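Below: one structure, written as structure tokens.
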There are 2 protein chains.
Amino acid sequence: MESKKSILEISSTLRNKGMKMTQQRRVILDVLRNTKSHPSAEWIYNQVRQIIPNVSLGTVYRNLNILHQEGLVLEMNYGKGQSRYDGMVEPHYHVRCSECGRIDDVELDSINHLSETVESLTGFAVSDYRLEFNGQCPDCMKNN
Amino acid sequence: MESKKSILEISSTLRNKGMKMTQQRRVILDVLRNTKSHPSAEWIYNQVRQIIPNVSLGTVYRNLNILHQEGLVLEMNYGKGQSRYDGMVEPHYHVRCSECGRIDDVELDSINHLSETVESLTGFAVSDYRLEFNGQCPDCMKNN
DNA sequence: TTATGTGCAAAATATTTGCTTTCCG
DNA sequence: CGGAAAGCAAATATTTTGCACATAA
């Protein structure tokens with residue numbers, strides 16, 4: 001089991017960098033950390049609005065960018081659609097349905113030494129990697 | 001060594017699906033297949049313009065989308081910037097410099113059975129996967 | 001000949017930003 | 001109190017699309 005940082009720990013990390021933990025930021029983070037759906041900024045915005053009715057979409061984007069920079073959320077881009085976000089930052093992989101866009105986690109053990117191998121092959125300093133599977137989800141298989 | 005489909009073979013594949021091989025389409029494919037730089041639609045557009053001066057950016061996008069659907073080019077999305085394209089469709093991996101955006105190929109043997117494992121773990125029908133490394137390229141390392 | 005593709009420009013989509021005001025610490 | 005963040009709306013960036021005309025097969 002991975003231990004998840006508490007909101008309190010995150011607050012103090014941010015404070016040390018001169019950043020504040022606003023109500024908006026806390027709720028955005030909370031919404032994202034409490035769903036397994038890998039949502040878009042707009043979906044998050046709609047959830048947050050139920051708690052802070054006059055929050056703006058710009059604020060959601062600004063916070064997602066900041067949280068992403070700080071390594072507190074993952075951002076994933078697919079094709080030309082909206083980016084999707086993930087509050088689970090511990091290394092893990094994803095499968096995505098190319099029909100409906102659903103994204104599931106893959107419980108695959110991490111593949112060892114890949115980064116090191118790539119560093120010696122390419123001369124790059126590798127910081128991380130992304131492994132994503134594409135296909136058709138069980139629901140879409142049924143409906144066809 | 002992988003054998004690359006010739007433009008002639010591609011033309012006939014397209015023709016069988018009721019599609020035409022126009023001058024624009026041929027040049028776009030040609031430009032993309034003759035660079036190792038994993039370029040953006042705009043870069044391709046500028047190259048194509050040197051051969052077909054009044055080609056439009058819309059045509060480049062339309063063709064890249066069609067060629068991608070037909071499995072003749074790869075499309076890669078990073079962050080919020082432009083998509084990047086690759087004329088090499090045989091399975092291979094990429095490293096990307098998060099500073100300058102440079103993308104290199106990684107000559108890593110493909111990892112066997114990954115898709116099958118993921119299928120049994122998730123219930124998805126996996127068609128392909130994408131493995132991408134992130135880091136800093138040798139040039140950007142020097143300049144810092 | 002005729003359906004597919006092109007050029008052009010306008011529209012759509014997704015995200016960012018400027019400015020004033022609010023509020024966390 | 002002071003600076004970081006929010007709200008709102010306008011601006012950007014990237015990609016798509018409608019329509020009249022051109023062209024490959």
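Glycine residues also receive a Cβ, built from the backbone N, Cα and C atoms like all the rest.
Any TrEMBL annotation is an automated prediction that lacks curation.
Look at A:C100 (Zn(2+) binding site): DSSP puts it in coil. In the structure as shown, the Cβ atom of A:C100 (Zn(2+) binding site) sits within 10 Å of 12 other Cβ atoms. Annotation comment: TrEMBL describes A:C97, A:C100, A:C137, A:C140 as Zn(2+) binding site.
Ranking the binding-site residues A:C97, A:C137, A:C140 by other CB atoms within 10 A of the CB puts A:C140 at the bottom. Of A:C97, A:C100, A:C137, A:C140, listed as binding-site residues, those near chain B by the criterion of a Cβ under 8 Å from one of its Cβ atoms are A:C97, A:C137. Taken residue by residue with DSSP, A:C140 (Zn(2+) binding site) is part of a helix.
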